[in-house]
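First up is the structure itself, then whatever we jot down about it.
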Amino acid sequence: MKGLGTLFLLLTACLASRADDAATLPDIQVQENFIESLIYGKWFNLAVGSTCPWLRRIKDKMSMSTLVLQEGATEAEISMTSTRWRRGVCEEISGAYEKTDIDGKFLYHKSKWNITLETYVVHTNYDEYAIFLTKKFSHYHGPTITLKLYGREPKLRDSLLLEFREVALSMGIPENSIVFMADKGECVPGDQEVKPSPHLRARRAVLPQENEGSGSEPLVTGILKKEDSCQLTYSEGPCLGMMERYHYNGTSMACETFQYGGCLGNGNNFISEKECLQTCRTVAACNLPIVQGPCRAYIKLWAFDAAQGKCIQFTYGGCKGNGNKFYSEKECKEYCGVPGDGDKTN
């Protein structure tokens, strides 16, 4: 019941993660009630997350590949065939993954490196997508992990790409090591690329914007604008962690806290109230009352005073405010359309 984890393995020329993280991953949770037969068939590898230095060096050359899983030669195996572009030539790789006593966990032996990889199907709905995690130990890199996203079709919903990014980050995989594959189309083994196109480069997850003002370019994660997720109902996700995160509440026009489980969920999920507000707040926030909140943090911020028609400084208590709260005078004026050249910061 771990066929998908297998595909994960064949593209693991570089499995990675921080050594100290991978060493503490003995209890990886596989897909609940995993059904092996439903994982069979064709999958497209659409994204990968890894901290392996080698992968980071070649990520611009990576492109979508396919993987076919089916019954193996024996009941103890799953057959795998992967097709991908490699160095301008369409390459096909076949192998077998060994089942274990845990449904959803597979082993794959790399004779070239004399190592055994462990692959786990951590989340799937079988007919649309699957997320696999692979662990490896090598004398060169030490213990490592790699996370991969597969789809039944060459394209997936943008929300799933965001969810994959969140899972990868929660596993300790750096933002610059999350790669969304370029789609060069399927290939026939032995075919050669006609002409590599510069624009067909791997899509990278983009770091959240750091600009204080709200007039900068929209935040983008992978291929989806983060602000497109602001109207989603927040999701704790299926995991059991208790991380305090912020979500945007369109009714109250405020960013509120919730407990995030640590995986999946959706894009309405922010590490800080500031990031949440600067991504999701609208100009309607300028008409809200100025709220200090019940907490006593005494943070100097800016808000728009509708009665005076200008931005003023106020003391924010640190909790239970609303969207009429800005981190510089310039940001307040940009949002609320106040003329002037003030540029004071808190």
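Residue numbering: from 1, along the chain as shown.
Glycine too: its Cβ is placed from the backbone N, Cα and C atoms.
What Swiss-Prot annotates here:
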DISULFID  C90-C187  disulfide bond
CARBOHYD  N114  N-linked glycosylation site
CARBOHYD  S214  O-linked glycosylation site
DISULFID  C230-C280  disulfide bond
DOMAIN    230-280  domain 'BPTI/Kunitz inhibitor 1'
DISULFID  C239-C263  disulfide bond
SITE      L240, G241  site 'Inhibitory (P1) (chymotrypsin, elastase)'
CARBOHYD  N249  N-linked glycosylation site
DISULFID  C255-C276  disulfide bond
DISULFID  C286-C336  disulfide bond
DISULFID  C295-C319  disulfide bond
DISULFID  C311-C332  disulfide bond
By Cα geometry, the one of the recorded positions (N114, C295, C311) nearest C255 (disulfide bond) is C295
Round to a whole number and give the Cα-to-Cα distance in Å for the pair C230 (disulfide bond) and N249 (N-linked glycosylation site).
8
So how many of the residues in the domain 'BPTI/Kunitz inhibitor 1' (230-280) end up helix, strand or coil by DSSP?
8 helix, 15 strand, 28 coil
Among the disulfide-bonded residues listed here (C276, C280, C295, C311, C336), identify the one with the smallest other-Cβ count within 10 Å.
C295
N114 (N-linked glycosylation site) to C90 (disulfide bond): how many Å between their Cα atoms?
26
For C280 (disulfide bond) and N249 (N-linked glycosylation site), the CA-to-CA distance in whole Å is 9
For C311 (disulfide bond), the spatially nearest of the disulfide-bonded residues C263, C286, C295, using Cα atoms, is C286
Using all protein chains in view, find how many other C-beta atoms are within 10 Å of the C-beta of C332 (disulfide bond).
28
Counting across all protein chains, other CB atoms within 10 angstroms of the CB of C187 (disulfide bond) number 20
C90 (disulfide bond): which of the disulfide-bonded residues C263, C276, C336 is the nearest Cα neighbour?
C263
For the disulfide-bonded residues listed (C90, C263), most other Cβ atoms within 10 Å of the Cβ sits at C263
Roughly how many angstrom lie between the C-alpha atoms of C263 (disulfide bond) and C276 (disulfide bond)?
19
According to DSSP, which kind of secondary structure is C187 (disulfide bond) found in, if we only use helix, strand and coil?
coil
Where C336 (disulfide bond) and C276 (disulfide bond) are concerned, what is their Cα separation in Å, rounded?
18
